[in-house]
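What Swiss-Prot lists as SUMO2 cross-link is Lys4, Lys9, and the listing cites similarity to another entry. The N6-acetyllysine annotation in Swiss-Prot covers Lys9, Lys67, and the record cites similarity to another entry as its basis.
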Amino acid sequence: MPRKIEEIKDFLLTARRKDAKSVKIKKNKDNVKFKVRCSRYLYTLVITDKEKAEKLKQSLPPGLAVKDLK
């Protein structure tokens, strides 16, 4: 089941949860999508600023499996 997250802080809290398994990063020409897989939902955060996306990628939890798609 998909869920959309609007705030970066909420996304980081979700990524730090115990049931968060992996993060997929999808890059398009106009935005970057961060998708975190938890046990029940797939949470998606859409960022249009490339610099913010790089900062967020650096601040993801170290134990989480990160996969870059395109």
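Including glycine, each Cβ sits where the backbone N, Cα and C put it.
Quick caveat, the model's predicted, so the values are computed rather than measured.
Of all Cβ atoms in the protein chains displayed, 8 besides its own lie within 10 Å of the Cβ of Lys9 (N6-acetyllysine). When the alpha carbons of Lys9 (N6-acetyllysine) and Lys67 (N6-acetyllysine) are compared, the span between them is 20 angstrom.
DSSP assigns Lys67 (N6-acetyllysine) to a strand in the three-state reduction.
Annotation for Lys67 (N6-acetyllysine): spatial neighbours Ser22, Val23, Lys24, Ile25, criterion Cβ-Cβ under 8 Å with sequence separation of six or more.
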